[in-house]
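Below is one structure, written out as structure tokens; comments come after it.
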Amino acid sequence: QTINMENASSVKEFILLGLSENQVIQKICFVMFLFFYMIIMSGNLLIVVTVMNSQHLKSPMYFFLSYLSFVDICYSSVTTPKMIADFLIENKTISFVGCIMQLFGLHFFGCTEIFILTVMAYDRYTAICRPLHYTTLMTRRTCDRMLICLWVGGFVHSMVQTLLTSFLPFCGPNKIDHFFCDVHPLLQLACTDTYAVGILVVANSGMITLSCFFILVVSYIVILVSLRRQTSEGRHKALSTCGSHITVVILFFGPCTFSYIRPSSNLSEDKSVAVFYTVITPMLNPLIYTLRNEEVKSAIKKLWSK
């Protein structure tokens with residue numbers, strides 16, 4: 001398949017223009033994004049290790065939280081290390097195959113993250129609105145099945161995006177006005193009419209993002225309505241866990257929706273928005289979930305004391 005992809009295109013590599021062409025800004029960005037990436041890795045790894053080693057964090061909520069952190073590590077690692085390295089070099093090239101692999105990884109982990117956030121909302125809905133049935137509805141077997149569906153769903157979405165893009169002919173120019181390979185910048189470089197492919201790409205991403213967002217909104221409306229019947233203590237506890245989740249959803253879905261649900265016209269705009277969902281959100285997720293959650297904080301303290 002790789003040989004076919006390369007035969008269809010005379011372009012063997014792409015040049016990434018990155019975030020800025022200014023040397024001083026690139027050096028500042030190098031230090032800043034290296035620091036951000038270290039926070040992403042350490043913060044998310046800490047959550048994964050804490051959930052795995054703690055006896056108190058065995059509920060489905062933490063099971064999915066540890067996978068969210070794992071996906072954040074993978075998702076950010078698809079683009080960030082290359083971007084950081086590119087700040088230091090003049091010639092920011094990426095091979096055709098490397099570019100397609102980056103596109104696949106980005107959509108695979110990005111889509112899986114959307115599905116995990118949706119499942120976490122369902123988990124909160126079940127815990128708050130159907131507490132008596134929670135243990136029977138959210139068994140470990142159910143969680144494992146959900147997890148398999150998440151990964152399969154992410155894989156299918158990513159394969160669609162990758163195949164639609166990789167079989168387009170690229171005969172130059174080969175400069176991508178972005179810091180990683182994505183569908184919209186590649187569609188603009190293809191030497192054929194990409195209108196139909198563009199529609200399919202937006203429909204594929206849009207259908208997933210909007211349907212998941214709809215499920216999230218509905219589950220939170222139902223949660224908020226049902227909270228009126230609870231005691232003030234129960235309401236406060238429920239709102240603190242839901243608050244973290246809603247914050248993460250807004251931080252991730254907002255920029256993703258902006259980038260993928262419309263046909264792309266302004267790539268420099270897309271580029272700055274992309275920094276948000278590939279770097280900033282994975283960095284903030286561990287902070288949001290630990291700062292607002294007493295159980296996670298005490299489990300981390302126990303882990304440190306060990």
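First residue shown is number 1, and so on along the chain.
Placed from the backbone N, Cα and C atoms, the Cβ positions cover glycine too.
Just so you know, TrEMBL annotations never went through curation; they're auto-generated.
Features reported for this protein in TrEMBL:
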type     : residues : note
DOMAIN   : 43-289   : domain 'G-protein coupled receptors family 1 profile'
TRANSMEM : 24-49    : transmembrane segment
TRANSMEM : 61-80    : transmembrane segment
TRANSMEM : 100-122  : transmembrane segment
TRANSMEM : 143-160  : transmembrane segment
TRANSMEM : 195-227  : transmembrane segment
TRANSMEM : 239-261  : transmembrane segment
TRANSMEM : 273-291  : transmembrane segment
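Contact between the transmembrane segment (273-291) and the transmembrane segment (143-160) is not supported, since fewer than 3 Cβ pairs fall under 8 Å when only residues 6 or more apart in sequence are counted.
Taking Cβ pairs closer than 8 Å, the transmembrane segment (61-80) reaches residues 33, 36-37, 40-41, 43-45, 47-48, 51-52, 54, 102, 105-106, 109-110, 112-113, 116-117, 119-120, 123-124, 127, 140, 143, 147, 150, 179-180, 241, 278-279, 281-283, 285-286, 289, 295-296 in its own chain, all 6 or more past its ends.
Among 24-49, 100-122, 143-160, 100-122 has the largest number of CB pairs under 8 A with the transmembrane segment (195-227). Within the chain, the transmembrane segment (100-122) has long-range Cβ neighbours (under 8 A, six or more residues past its boundaries) at 5, 61, 64-65, 67-68, 71-72, 74-75, 78-79, 82, 94, 146, 149-151, 153-155, 157-159, 161-162, 165-166, 180-183, 186, 208-209, 212, 215-216, 219-220, 245, 248-249, 252-253, 256, 277-278. Only residues 6 or more beyond the boundaries of the transmembrane segment (143-160), in the same chain, are considered here, and those with a CB under 8 A from a CB of the stretch are 60, 63-64, 67, 104-105, 107-112, 115-116, 119, 200, 204-205, 208. Taking Cβ pairs closer than 8 Å, the transmembrane segment (24-49) reaches residues 18, 65-66, 69-70, 72-73, 76, 80-81, 83-84, 87-88, 279-280, 282-283, 285-287, 289-290, 296, 300, 303 in its own chain, all 6 or more past its ends.
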